[in-house]
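What follows is a single structure, written as structure tokens, with notes after it.
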Amino acid sequence: MTLTCIRLIIFHMLVSSFLIFNNALASDPDIIYDYVSPQNSSVNGSFFTYTGLRGVLHQIPQSFKATKATMVEFPALNGQSISYALFQYPAGSINPPHIHPRAAELLFLVSGSLQVGFVDSARTLYTQTLQPGDMFIFPKGLIHYQYNPQSVSATAISAFGSANAGTVSIPHSIFSTGIDDVILAKAFKTDTYTVKKIRSGLNKP
């Protein structure tokens, strides 16, 4: 075996190790118990039950609303690599472009119609118009959105491959975190006046 081959094998092993390590960091940790129980507390069936979605479907929000069931709201999910969310889209509302850094999202449309899409790392946009009963997968870490262009409301539920998928809003992360106006103006090839207008618009209810 030549020195070049040995170097290639070592390089391949290092890259593979890095990818495995990096993937492990981006996923929920494995647990060595059946479930993660709360400290200094006994567990019964109530611990594994979440009632936070009761009555939500009877409420009519004025704007897009997400009701989540993550390990924050439902501690029994800790270590189970799954969480849930109920989405309500009044007519004309949008779930703006965002990412989930720790999980893919599988959306199921219950009622209404949605225009959905995501952009991959090659900057290719994939879109679809969903009807009740349809499912759509948003791969982990990719920018995606949902929009209800109809005159009636829509409802969807999503499952995530993490107990704490995380949500990073693209508009708010860019324009509501204190990045200098000049930097944003240069990045978007516009002027600071436009940047300020976008900032003020995001602050409106």
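The backbone N, Cα and C atoms fix where each Cβ goes, and this holds for glycine too.
Where the annotation comes from TrEMBL, it is an automatic prediction and has not been curated.
So that you can see what the record holds, here are the features copied from TrEMBL:
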SIGNAL    1-26  signal peptide
DOMAIN    54-196  domain 'Cupin type-1'
BINDING   ASN95, HIS100, GLU105  oxalate binding site
BINDING   HIS98, HIS100, GLU105, HIS144  Mn(2+) binding site
Expressed in Å to no decimal places, the gap between the Cα atoms of ASN95 (oxalate binding site) and HIS144 (Mn(2+) binding site) is 9
C-alpha of HIS98 (Mn(2+) binding site) to C-alpha of GLU105 (oxalate binding site): distance in Å? 12
May I have the DSSP-based helix, strand and coil counts for the residues of the domain 'Cupin type-1' (54-196)? 24 helix, 55 strand, 64 coil
Return the average pLDDT for the domain 'Cupin type-1' (54-196) as a whole number. 95
Give the sequence-ordered list of residues that share a chain with HIS100 (oxalate binding site), lie 6 or more positions from it, and have CB atoms under 8 Å from its CB. PHE138, LYS140, GLY141, PHE160, SER162, ALA165, GLY166, THR167, VAL168
Only counting partners 6 or more residues apart, tell me which same-chain residues put their Cβ under 8 Å from the Cβ of GLU105 (oxalate binding site). ILE137, PHE138, HIS144, SER158, ALA159, PHE160, ALA165
For oxalate, residues beyond ASN95, HIS100, GLU105 with C-beta within 8 angstroms of the site's Cβ centre include exactly ALA85, HIS98, ILE99, LEU107, PHE138, HIS144, GLN146, SER158, PHE160, ALA165, THR167
Cβ-based isolation winner (fewest other Cβ atoms within 10 Å) among the binding-site residues HIS98, HIS144: HIS98
Whose Cβ lies within 8 Å of the mean position of the Cβ atoms of HIS98, HIS100, GLU105, HIS144, the Mn(2+) site, other than those residues? ILE99, PHE118, PHE138, LEU142, ILE143, ALA165, THR167
Taking the Cβ of ASN95 (oxalate binding site) as the centre, how many other Cβ atoms fall within a 10 Å radius? 22
